[in-house]
Amino acid sequence: MSHLWHLRHDDQSLVLAATGGGLPRAIYWGPALSGDDSEEMMLAADRLDYTGGMMDGIPDLSICPEARRSFPGQPGMVLRAGDGTPLAPRLVHVSDARDGGVIRLTYGDADLGLTYVATFRLHATSGVIEASASLHSEVPIRVEWLAAPVLPAPQLSDEMIDFSGRWIGEFQPCHSTWGAGIRMRESRTGRSGHEHFPGLIVPVRGATNTQGQVYAFHYGWSGGHRMIAEELPDGRRQIQFGHAAGSELEAGTSFQTAPLLISFSQRGMNGCATAFQRHFRDTIIRFPDPARARPVHYNCWEAVYFDHDVSELQQIATLAADLGAERFVLDDGWFGRRDNDLRALGDWTVDPRKYPDGLDPLINHIHGLGMRFGIWFEPEMVNPDSDLYRAHPEWALGDADQLLGRQQMVLNMALPAVRDYLHDHIAAMLSQYQIDYIKWDHNRLLPMPDAAQTRGIYDLLDRLRADFPHVEIESCASGGGRIDAGILSRTHRVWLSDSNDAQERLRIQHDAALFLPACITGSHVGPRECHTSGRVLDIRFRAWVAAQRHMGFEMDPRELTPEEAGVLRDVTGWWKANRDWMMQADILRLDSADPAVIAEQQLAGDGARFVVFAGIATTSAQISQRPLHLTGLQADARYRVDLRNRDDAGPASRGEPALKSGPLELSGQFLMNHGLILPNSFPQRIWVIEGMRL
Ligand code: DGJ
């Protein structure tokens with residue numbers, strides 16, 4: 001007896017097959033199949049040989065490899081009975097159902113009273129497949145590990161790319177070579193984390209940003225994940241993703257993985273990147289008013305920190321509005337006795353010392369300028385020096401003598417009373433004041449991984465969103481410490497990094513674009529002298545780098561010279577004029593021949609226009625600019641390309657590359673295969689090239 005399920009999209013096919021009543025395995029995942037191959041032939045053609053010194057057969061690399069069936073690698077689940085006895089299920093087919101692009105496979109172990117359900121959902125608009133697993137038990141059991149449906153990794157691949165990072169240095173790609181054994185990544189910090197963005201890219205040999213075959217994975221969970229990329233002794237490779245091991249602290253009868261998002265592309269890493277960008281933008285994020293343009297953001301953190309003074313903030317707001325800001329976000333410092341980061345988290349009422357008449361004078365002023373108003377919270381945290389902690393020390397998670405982080409503890413979000421307290425205090429603010437944006441921060445690691453904590457946060461966010469559907473929420477965790485599909489299905493923007501250093505940001509946002517679209521990626525023009533690096537960067541560079549994503553400002557506008565303000569007004573005006581299509585565009589990372597140049601092309605959905613940002617991150621090794629090859633264009637169409645900021649050409653450019661003096665008209669073929677020659681430039685500058693199909 002065999003079963004076969006085929007999920008097909010324009011670019012990819014995933015074929016699952018099961019024989020003899022056991023769990024299915026992915027027998028094919030790659031370019032779309034026509035459907036001409038017979039079930040029997042595909043199954044037969046996928047059968048591996050075996051030899052001496054091993055078992056008399058090859059145990060299936062199924063969607064949940066079972067220890068019980070002599071599987072020679074990591075199993076897809078590790079369970080114990082309530083009393084601690086190890087359980088080794090043997091799952092057999094119970095039922096399967098298909099509804100369009102959704103396949104639901106139910107398997108069970110009657111002796112152990114277990115039911116395992118795997119669901120595969122193909123999203124037609126993005127081509128992303130969402131795979132998740134659940135486990136139900138008739139009696140309470142303990143789950144140490146439960147993988148989302150397990151997939152094979154390609155054999156013709158030499159490396160895998162996952163991500164590390166740190167505060168002000170998010171999304172650092174880590175390249176590792178495939179070889180015998182396991183590469184494991186695990187976030188045990190209770191958040192998806194700067195250090196462990198839950199993503200993996202597996203390029204087939206020879207793939208680049210713009211060409212070749214690539215597989216990509218993202219686990220949509222905010223509480224910390226485990227990734228296993230394993231090459232088995234027989235050479236097969238498996239990819240597993242699930243919650244961090246052991247993060248289900250209680251015995252229970254029902255467990256669920258987060259969705260594992262997967263994508264295959266024949267158009268290089270950009271194919272997977274744009275599938276994820278579209279999926280985040282069109283399926284995961286739900287803006288309260290999708291038709292509303294993304295507003296230019298102003299955040300006061302790096303202008304005033306904890307030093308709030310109403311008239312000063314009003315003055316700053318006036319200047320920000322004059323530069324083009326459309327939303328003002330009041331950051332940390334407005335509540336309790338929050339004069340520094342030592343105290344008051346949890347005391348979510350307006351500080352009467354700083355705001356004797358409440359927030360109305362500030363909010364009214366901001367609204368009077370035509371801007372919207374947003375406010376900062378860090379709901380999951382409490383300082384030991386707070387009224388909340390003094391009243392409820394038992395609400396804090398972990399031991400009383402635990403190591404603090406930023407002088408704070410984490411509230412136990414699994415407790416309904418904690419969620420009610422937070423809901424009521426946030427709701428009171430949202431009801432009393434006209435607030436339509438929350439910056440939701442999370443600045444410390446958990447004392448230990450705990451999946452119930454994440455479910456508690458999701459529950460609180462869901463309640464608030466149901467009660468205040470017009471409010472947008474930004475996910476921040478010391479910058480980009482909590483970016484994943486789980487949090488983004490409940491929020492609308494990420495604060496990608498606390499680094500407002502345009503040079504660092506250029507790189508961080510380039511690598512984040514492997515997953516994230518522009519419309520949800522916050523990017524702010526920081527102070528002239530960067531507060532996190534000490535670098536002094538030109539306003540042109542700072543402004544254009546912010547204009548690559550959801551643009552904002554985060555400096556004290558009083559520091560700007562008239563010339564700097566003029567540049568910022570100009571770039572902001574350009575961003576506003578282009579945001580409607582740019583916020584819907586695909587971000588295509590370009591294969592830059594010069595490692596000093598970090599370049600991307602944002603291509604409109606209809607392909608009729610694009611903008612290239614070519615950032616000169618450092619000094620090039622060679623003298624002349626290497627041509628920059630564009631991508632994704634129609635080979636036989638003609639395009640007009642123009643250097644938007646040719647006035648920025650400085651003394652490094654003495655010659656006359658054509659773009660310096662005017663637009664060019666060239667075919668897509670030429671632009672993709674010859675490339676553009678840009679003027680020589682000092683480092684820490686960026687060229688902006690606009691393209692229009694003729
Ligand atoms: C960390 C965030 O990343 C910053 O942007 C700022 O909101 C501070 N927290 C405030 O404490």
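Every residue, even glycine, has its Cβ placed from backbone N, Cα and C.
Automated prediction, rather than curation, is the source of TrEMBL annotations.
For Asp441, the entry in TrEMBL reads active site, nucleophile. DSSP assigns Asp441 (active site, nucleophile) to coil, not to a helix or a strand.
The active site, proton donor annotation in TrEMBL covers Asp498. Classification of Asp498 (active site, proton donor) by DSSP places it in coil, neither helical nor stranded.
As annotated by TrEMBL, substrate binding site applies to Trp167, Asp331, Asp332, Arg406, Lys439, Trp440, Asp441, His442, Asn443, Cys476, Asp498. Within its own chain, Asp441 (active site, nucleophile) has Asp332, Trp376, Phe377, Glu378, Cys476, Ala477, Ser478 as residues 6 or more apart in sequence whose C-beta sits under 8 angstroms from its own.
Model confidence over the domain 'Glycosyl hydrolase family 36 N-terminal' (22-242) stands at 96, taken as the mean pLDDT rounded to a whole number. For 22-242, the entry in TrEMBL reads domain 'Glycosyl hydrolase family 36 N-terminal'.
If you look up TrEMBL, you'll see 604-680 marked as domain 'Glycosyl hydrolase family 36 C-terminal'.
Residue pair Asn443 (substrate binding site) / Asp498 (active site, proton donor) shows a Cα separation of 11 Å. Long-range Cβ contacts of Lys439 (substrate binding site) within its own chain (separation 6+, distance under 8 Å): Asn299, Val329, Asp331, Gly374, Ile375, Trp376, Phe377, Ile473, Glu474, Cys476, Trp495. Among the residues the record lists as binding substrate, namely Trp167, Asp331, Asp332, Arg406, Lys439, Trp440, Asp441, His442, Asn443, Cys476, Asp498, the two farthest apart have Cα atoms separated by 18 Å.
A coil conformation is recorded for Trp167 (substrate binding site) in the three-state DSSP classification, outside any helix or strand.
Rounded to a whole number, the distance between the Cα atoms of Asp498 (active site, proton donor) and Trp167 (substrate binding site) is 7 Å. For the domain 'Glycosyl hydrolase family 36 C-terminal' (604-680), the DSSP-based tally of helix, strand and coil residues reads 12 helix, 20 strand, 45 coil.
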